[in-house]
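Okay, structure first, notes after.
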Amino acid sequence: MCDQRARMLQDQFSVCVNHVHALAVLVSTFHHYKNPSVIVQDTFAEYTARTAFERPLLSGVAYAPRVLNSEREDFERQHGGTIRTMANKEPSPHRDEYAPVIFSQETVSYLNLLDMMSGEEDRENILRARSTGKAVLTSPFKLLGSHHLGVVLTIPVYKSKLPPNASVRDRIEATAGYLGGAFDVESLVENLLGQLAGNQEIIVKVYDVTNTSDHLIMYGRQTQEGDVTREHVSRLDFGDPYRKHHMTCRYLHKAPISRTAITTAVLGYVIVILAGYMFYTGAIHIVQVEDDFDTMQQLKVRAEAADVAKSRFLATVSHEIRTPMNGILGIILDLRMLALLLDTDLSSTQRDYAQTAEACGRALITLINEVLDRAKIEAGKLELEAVPFDLRSILDDVLSLFSEKSRNKGIELAVLVSDKVPQIVMGDPGRFRQVITNLVGNSVKFTEQGHIFVQVHLAEHSKAVQDAKFESCMNGRSNGPQSKTLSGREAADDRNNWDRFKHLIADEESPFQVLTSDGNSQTVNLMVSVEDTGIGIPLHAQELVFMPFMQADSSTSRHYGGTGIGLSISKCLVELMGGQISFVSRPQIGSTFSFTAKFTRCEKNTVADLKRSLYDDLPTSFKGLKATIVDTKPVRAAVTRYHLKRLGVLVEVVNSIKTAVTGSGSCSCSGQPDMILVEKDVWLSGDDLSNIQVFGRALKSPKLILLATNVTSGELDKAKAAGFSDTLIMKPLRASMVAACLQQVLGTGKAEQGKVMANGSVYLRGLLREKKILVVDDNRVNRRVAAGALKKFGAEVECADSGKAALDLLKIPHEFDACFMDIQMPEMDGFEATRRIRMMESQVNEQQTSGSMDGCCDKQAQARKWHLPILAMTADVIQATFQECQKSGMDGYVSKPFQEENLYQEVAKFFESKPATDS
Amino acid sequence: MAAVAQLQRQFIEYTTSLHNEGYLDDQFTQLQKLQDESNPDFVVEVVSLYFEDSEKLLNNLATALQQKSVDYKQVDSHVHQFKGSSSSIGAQRVATVCVHFRNFCEEKNLEGCVRCLQQLKQEYILVRSKLETLFRLEQQIVQAGGQIPMME
């Protein structure tokens with residue numbers, strides 16, 4: 001860096017010196033050798049001005065001839081001025097010789113006639129120059145005029161050409177004058193270095209080091225600044241061997257190396273600090289984790305305690321709410337009854353209040369039960385049974401539960417199970433029933449008019465038909481949309497209309513062959529759909545449907561009641577059954593919920609046995625009878641046909657009464673129908689009325705049966721007048737109910753009532769009739785009440801007042817079909833008693849197995865494993881109690897005091913699923 | 001016949017008031033429903049059992065609470081019995097007092113227990129007299145040749 005600068009300066013310097021040499025030659029040639037001289041001040045000034053670019057470092061040049069004291073007067077006269085000193089520009093005192101400037105560059109024109117030998121440095125320079133004959137330099141000094149530091153260059157001009165080896169004396173003799181130039185080092189070097197990059201960072205100094213002990217500065221400030229340690233020194237050769245110069249360069253700032261060192265140090269420090277901090281936080285973290293762990297454990301303990309507390313709370317609350325709620329409900333009912341009996345009609349507002357209060361009360365009790373149910377599922381304790389059951393009869397039961405409500409609303413409620421679905425399947429009937437009940441319950445709740453239609457098909461078959469939908473559309477009958485659903489109202493899932501439906505119910509000659517329906521597969525995949533024409537689910541709420549406690553919006557729960565927990569429970573149950581639940585819903589049109597469920601096929605030989613025991617209630621006396629259904633709606637007719645077919649009745653469907661009359665008259669091969677079933681709306685559509693009467697008179701033998709969802713007493717009278725004196729079947733249709741009606745009409749069985757409306761309690765009576773039941777309770781009053789209730793439903797009841805007494809009575813073999821067990825009893829509580837009963841049973845069962853291996857036991861005993869259904873009777877129905885019940889081997893529980901629905905559900909669970917017990 | 005109708009109306013009013021004042025709850029109605037031709041005296045039978053047991057239990061409780069060192073477990077089991085039979089016949093207010101009584105038992109609060117016993121006695125006597133009146137009404141209706149009206 002420094003060397004480069006030095007070389008540059010040196011080059012420029014020598015260029016300048018050379019040019020000044022040239023000037024010296026010029027002056028000697030044209031001023032001294034020519035006589036008269038051809039150079040005047042103007043010529044010189046112009047020439048030097050025009051050649052100034054050749055001498056970049058020189059601020060100006062001037063020529064001064066050697067004038068001896070003797071020549072001074074001539075000289076002054078000739079030039080018209082006196083010789084003056086440089087110091088004060090006064091006329092010069094007498095000297096031996098002078099060197100007055102006669103030619104000067106314009107920049108230094110102030111030198112004119114100044115005696116160069118009057119300045120100390122210039123004088124020395126002049127003397128040295130003329131004795132050596134070379135260019136010489138002064139030591140740096142303040143230049144005249146600019147006050148900048150500078151050096152003066154002096155070159156002698158001789159009168160004659162001197163030989164190279166001329167002596168000093170010869171040289172002095174021959175001297176004609178001196179050409180001088182001023183190097184204004186300070187400003188000129190500045191310019192020069194300014195052209196170089198990076199000059200700000202580098203301090204350049206130029207020293208005259210002729211006197212080694214005292215360096216004179218030529219350029220640069222004297223102050224010590226910058227990095228002394230990194231100073232570079234370069235020698236300068238300006239062509240004067242007497243003078244020695246050098247240049248020093250140093251960086252203004254600290255060296256980059258040291259900067260790097262500092263950076264490194266700082267980084268190192270930072271890293272150390274960071275590392276330290278990391279260790280510190282690590283240590284802190286460990287401590288914190290330990291603390292957190294402790295806290296967590298405490299929280300866990302508290303949470304567990306809270307869980308227990310919650311269970312207790314639920315127990316208390318369920319009881320505490322239930323009791324007063326029942327009281328309130330009772331009061332409301334009494335109030336309405338009272339008003340009725342006293343003939344003082346309640347005002348509509350009052351009645352509304354009463355109804356609202358009743359609905360709220362019922363909703364509250366439902367909520368408590370549902371919350372408890374959900375808790376059971378969440379605990380993962382729920383295991384599905386695998387027992388044979390008849391799903392058609394279960395669906396009939398569910399329908400009967402809702403028959404009252406649907407009838408009041410005038411909704412058509414119907415169920416249809418495909419012929420391809422096996423009669424008996426293995427699965428959990430209780431849970432299947434629960435899901436169906438929930439879905440139908442929802443539909444009933446949200447539907448004000450139209451229909452609710454439950455269908456069960458094989459999933460494979462349903463899918464096959466769906467795949468063939470295109471074809472079915474092409475072949476579809478040209479029925480108007482009116483007749484394509486059950487009630488004629490549009491449904492949300494329009495795939496469920498008649499076009500598709502007729503294929504699903506088509507007989508064996510159906511073009512849709514399904515591999516799994518041939519009975520080879522052990523799995524039965526069922527597809528169940530519940531279609532309604534209710535209010536539908538708002539689009540925004542559709543994704544929340546299966547979340548617990550979610551309803552479409554708060555107004556829904558206000559208006560319709562319910563907790564929104566039912567569907568989430570259903571979803572859990574369906575998934576447990578290996579299926580999926582989904583829905584299609586269109587607001588204001590309706591919703592269709594469908595789910596799949598896996599069941600297993602029953603062994604053929606067991607089916608036969610079961611069929612007998614499970615199916616006793618459907619009489620076979622109608623087999624081979626013929627019926628004509630008069631219905632304009634094909635789906636509805638299919639439902640009626642389904643129920644009749646279950647009874648073995650041969651069915652023909654016709655569009656109008658007229659066709660029924662003529663058809664039965666003309667087609668002799670099929671014979672006369674034994675009964676004609678007419679839908680109410682077909683009958684009411686005026687033009688058929690006359691036909692009825694004609695028909696009624698003409699053909700006496702077929703029985704006329706009217707099918708209706710609801711009838712007014714006026715309509716009933718009219719129907720009787722019209723010929724429907726035989727009977728009226730109220731929907732929803734159920735095989736057993738239809739059977740009862742037919743028995744009455746056809747006189748094949750004991751007639752009970754004109755209208756058959758079975759409900760839960762009737763069904764319960766069917767379940768409990770002639771069952772032998774043991775009631776265990778230490779409380780006399782409770783015992784008596786429980787026994788009374790069970791007797792009421794037709795059971796044979798025996799009582800035991802303690803666990804011990806119960807054990808005595810239940811010594812195997814015994815005759816009991818079930819046991820209702822109080823939990824809290826002195827000495828031996830219900831749990832303990834149950835455990836002992838189960839122990840006895842397993843002992844006997846083991847003996848039997850080992851006995852049968854010995855071959856000494858008869859088949860009857862081998863087939864029968866002892867397991868007495870034991871139900872806990874408790875006032876606090878909570879999850880914890882339920883688990884305790886299960887643990888000790890109980891089959892379920894009923895709340896005390898007995899509630900019909902609860903009792904029905906629990907009893908139905910094992911009396912249906914364990915048909916062997918009543919054999 | 002008018003007399004029967006009047007009696008029937010009285011009966012209904014009275015039953016309703018018993019419900020309204022909380023002496024009886026739905027369970028009593030259920031009990032009445034269980035009574036039919038095959039079991040004509042069911043309610044009276046059960047309620048008489050209840051009266052017998054209750055008086056025994058009240059005596060037992062009084063004795064138990066007079067002991068120097070009270071056996072709260074014993075007391076609690078008596079109250080549990082009382083509560084069970086009371087809810088079985090629908091004597092709601094008696095059952096409610098039993099719930100409080102059991103809380104005091106758990107706390108081993110003698111003063112509370114004694115106070116509850118007094119309350120229990122009062123409530124029991126009240127419900128007994130109410131039920132006796134009701135049965136008298138029933139008898140009168142039956143004697144007059146009427147049917148006992150069913151409460152829903």
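Going from the start of the chain as shown, residues are counted 1 onward.
Using N, Cα and C of the backbone, Cβ positions are placed for all residues, glycine too.
Region 'Disordered' is the annotation TrEMBL gives to one range among A:472-492, A:493-513, and that range is A:472-492. DSSP states for the region 'Disordered' (A:75-94), grouped as helix (H, G, I), strand (E, B) and coil, give 5 helix, 2 strand, 13 coil. Residues belonging to the domain 'Response regulatory' (A:626-746) score a mean pLDDT of 72 in the model.
Of all the Cβ atoms in the protein chains shown, 27 others lie within 10 Å of the Cβ of A:ASP822 (4-aspartylphosphate).
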